[in-house]
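What follows is one structure encoded as structure tokens, with my remarks underneath.
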2 protein chains.
Amino acid sequence: MGSEVNTISRAAPRKLTGKKQEIDAFIDQFDYFLFDCDGVLWQGNVLLPKVVETLEMLRNRGKKLVFVTNNSSKSREAYSKKFAQFGIPVQVDEVFGSSYSTAIAISRVYKIPPGKRVFVIGEEGIEHELAAEGISYFGGSAPLPFPEDDVAEHVGPDPSVWAVVTGLDRKISYAKFAIAGGYLQDPNVHFFATNIDSTFPTHGKLLPGAGTCAAPLTLMTGRTPIAFGKPSQAMMDSIEQKYSLDKSKACMVGDRLNTDIQFGLKAGLKGTLAVLTGVSKEEDILKAGEIGEGPDVYLDCLGDLLG
Amino acid sequence: MGSEVNTISRAAPRKLTGKKQEIDAFIDQFDYFLFDCDGVLWQGNVLLPKVVETLEMLRNRGKKLVFVTNNSSKSREAYSKKFAQFGIPVQVDEVFGSSYSTAIAISRVYKIPPGKRVFVIGEEGIEHELAAEGISYFGGSAPLPFPEDDVAEHVGPDPSVWAVVTGLDRKISYAKFAIAGGYLQDPNVHFFATNIDSTFPTHGKLLPGAGTCAAPLTLMTGRTPIAFGKPSQAMMDSIEQKYSLDKSKACMVGDRLNTDIQFGLKAGLKGTLAVLTGVSKEEDILKAGEIGEGPDVYLDCLGDLLG
């Protein structure tokens, strides 16, 4: 069976059957499994079937698990509490979110100079991770320090501002866009995004994703942000470094072709596995396969890995 | 001098000198002057020099004046009050705003069916013009009819919704984007915009323009709105019809290359005149001229037409 598995082609996504031998051969190729969460482990507030058992099985077989999420509204700590609520045991260190990815890029890769600060469009998740990295920030969930109607008076350059960072902000406002757009007029001010997802699936609905909090700034300034969520390879680089990941033994598991599967393919991971419990449908997967952008294999749901 | 004027080439913007003969020859070519307002007549709350006298001079010479604005936040009536505050005499009927343009397109060109309604992201201007055309609408300046945090429950199709209309909305919110994005999932729901200006210049600052209220919806749905402001020819068609405009005797006057001047050029108006009191600078104008997108002539300010 091993040779059969090795002939899996990225150009032709294959649905894994329930045969134990085939599934075992698939799993045995990998030491690391990177998981997207929403649409793979759960849908909104509903845990998907046999997820706890599947993750336990993988751990028992010695696999290293990393939970990779573009959700920027929660810190790793807050996000790991969501796992606990579902009865999924995780360590905070196994959770890798786009806000964390952004914070470590700012402090360790781009190395924000002392005395400089970051203007945040986003929620507690990005604020928490920036603070944990010792990065000075303002904006975010704090109320505007001036009446909203006076925003024009407060738009303009600020030499202390080194970057604008956008993530999902469900309290977005005209004033926040105006202030951020003003800073970004200065080409020396960096433009970062935790992620640029177009939508945020929840409760079976497609709500606006973090990308909608960056798009108005792109229109205003002609600038596109550097994004640190999937499918950005900046996120993969950080994961690789943090977990000493061996890409030739890693598999990305996700429900979205244009973020999760792209993320694994662009990184050249050994494998990619799609599940049909989220955004992308079987027809999308087969279509993507025709242009070489499909996953290696797919399953109806993650629990099918139990055989 | 007449022949000299006739050799004006669109490919080479020419600065009108202060010579009376040259200015008269320029003016005499036209029966209609279409004016952009902000950046041409005034800057924010400051009237520009000699504007009242210049408009009076044109009227005295029998020219028909139309004031064309992308400002969607004010109705024609409210906008004409702004003229009065500056001491510029205008009739409401001489003011042609993007909200009015949108409302008449919905009622008279697209012919919204009875019993259908429009979801508005925008301010009083568009609401007023929709009401004046007898178009049923909701959203707009009304408070959300549910708690903001419950938005996911309210996202979804609504058979009564025939179109989403976006304009400048300085009370924009995540919930409004979510609701509008939900309606636009249905490809039968029209997506209209009063205009898609990237920025809104005021008090010497660049604030977010109406386009920033549409951009997140474009990202979410992959759809771009049909816009009824400059430089959309839908707006020119309405102007042509309403004023029995003869394009071969009309000149567009504006401060912005990518809206005002484009608007005149695309329509094939006899002339385009740029002024340097707004967004586009002399270097921008000369650069645009190199690719055939510059105005015929330009002036430091409108008042220079007095000679």
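Using N, Cα and C of the backbone, Cβ positions are placed for all residues, glycine too.
Note that this is a predicted model, so its numbers are computed, not measured.
B:ASP36 (active site, nucleophile) falls within neither a helix nor a strand when secondary structure is assigned with DSSP, and so counts as coil. Note on B:ASP36 (active site, nucleophile): other Cβ atoms within 10 Å of its Cβ, all shown chains, come to 27. Residues or ranges marked as active site, nucleophile by TrEMBL: B:ASP36.
Residues or ranges marked as active site, proton donor in TrEMBL: B:ASP38. Taking Cβ-Cβ distances under 8 Å and a sequence gap of 6 or more within the same chain, the neighbours of B:ASP38 (active site, proton donor) are B:GLY44, B:THR69, B:ASN71, B:PRO201, B:THR202, B:ASP255, B:GLY278.
For B:ASP36, B:ASP38, B:ASP255, the entry in TrEMBL reads Mg(2+) binding site.
Under the heading substrate binding site, TrEMBL lists B:LYS230. Cβ contacts within 10 Å of B:LYS230 (substrate binding site), excluding its own Cβ and spanning all protein chains shown: 29. In three-state terms derived from DSSP, B:LYS230 (substrate binding site) belongs to neither a helical nor a strand segment and is classed as coil.
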Subject >> Inter-residue C-alpha distance, B:LYS230 (substrate binding site) and B:ASP36 (active site, nucleophile) (nearest angstrom) >> reply: 10
